[in-house]
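Chemist: I have a structure here, written as structure tokens, and I will follow up with some questions on it.
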Amino acid sequence: MGDSIFNCCYVPPHPPGEGELSGSRRSEIMASNSVNISSDKRFLIFFDFDETIVDETSDDLVVQAAPGQHLPGWLKDTYQPGRYNEYMQRVLTYLAEQGVTESDMRSIMEKIPATPGMITLFQFLRTRPPQDFEVVLLSDANTFFIESWLRRAGARPLFHRIFSNPATFNKDGRLVMRPFHSHDCARCPSNMCKQVVVRDYVARRTQERGRPYQRVFYVGDGANDFCPALSLGPRDVAFPRRDFPMHRLITETHEAMPGEFKAVTVPWVSAEEVVQRLRKLVAE
């Protein structure tokens with residue numbers, strides 16, 4: 001694994017007239033971006049970001065940079081269910097109009113605390129033999145917020161790939177965010193279905209490697225982390241943050257449709273509980 005892998009961040013290109021990728025085009029790009037990852041990994045582990053790696057929601061905290069640390073009512077009233085990404089694009093435009101700079105936003109992101117035990121989990125993954133874990137971050141936040149936090153925490157080299165909404169500063173200093181892709185999943189927000197990303201990535205990497213992973217793990221908290229966890233198999237493990245939406249949805253599914261959710265479920269309050277289970281699994 002060279003440094004170039006650690007430094008890459010998945011940013012879909014911007015096709016003419018659209019901020020979205022078709023499924024086939026997305027797969028092509030994923031193939032071209034993942035060929036350098038070592039094929040000897042035994043396990044694949046996905047992480048969500050907001051309220052999983054960090055103990056807050058980055059989109060909420062960036063509002064601290066606004067005048068008076070709050071948004072005007074007219075702006076908040078533009079939010080529509082399922083279209084949060086579009087709402088955040090308007091929020092970022094507003095912040096730029098109020099003179100909020102790249103430095104202002106980065107400073108806020110860098111101060112977000114990690115969730116309990118998460119740094120211990122990162123240290124565990126970092127100290128494992130190189131053939132153990134392929135580590136991927138999958139988030140509906142954006143690449144700028146995520147990269148800012150990871151680099152400040154010294155955790156960026158741990159992640160082989162980052163899948164999130166592309167966000168870059170334009171010549172006027174405004175953070176411009178685009179939707180990650182389009183999809184047909186009725187369960188997920190219009191800009192990202194994490195199950196599509198997980199299925200595409202696992203299929204592509206399995207093809208490149210010539211064999212499947214021994215196990216796939218998914219660490220998350222939100223309702224949009226339940227959808228990708230549905231694609232896990234009976235040898236895989238879902239790590240939902242205890243009593244958060246992902247955990248509640250898994251529990252409700254077990255009760256309403258036994259057998260529908262196939263993965264082993266290990267809820268956690270501290271990510272040290274994730275470490276404890278991973279230690280046992282890698283030793284098998």
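Quick reminder: no glycine exception, Cβ is built from N, Cα and C everywhere.
Not my notes, these are from TrEMBL:
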ACT_SITE  Asp48  active site, nucleophile
ACT_SITE  Asp50  active site, proton donor
BINDING   Asp48, Asp50, Asp221  Mg(2+) binding site
BINDING   Asp59, Asp140  substrate binding site
Chemist: Other than Asp48, Asp50, Asp221, which residues of the chain come within 8 Å of the Mg(2+) site, judged by Cβ distance to the Cβ centroid of those residues?
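Modeler: What remains near the Cβ centre is Phe49, Glu51, Thr52, Ile53, Ser139, Gly220, Gly222, Asp225, Arg241, Phe244.
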Chemist: In terms of Cα spacing, which of the recorded positions Asp48, Asp50, Asp59, Asp140 are within 10 angstroms of Asp221 (Mg(2+) binding site)?
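Modeler: Qualifying among Asp48, Asp50, Asp59, Asp140: Asp48, Asp50.
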Chemist: Have a look at the recorded positions (Asp48, Asp59, Asp140, Asp221) and report the one with the fewest Cβ neighbours inside 10 Å.
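Modeler: Counting other Cβ atoms within 10 Å of each of the recorded positions Asp48, Asp59, Asp140, Asp221, the minimum falls on Asp59.
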Chemist: Same chain only, sequence gap of 6 or more: which residues have a CB within under 8 Å of the CB of Asp50 (active site, proton donor)?
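Modeler: Counting only residues 6 or more apart in sequence, the Cβ neighbours of Asp50 (active site, proton donor) under 8 Å are Glu56, Thr57, Ser58, Asp59, Ser139, Asp140, Ala141, Asp221, Gly222.
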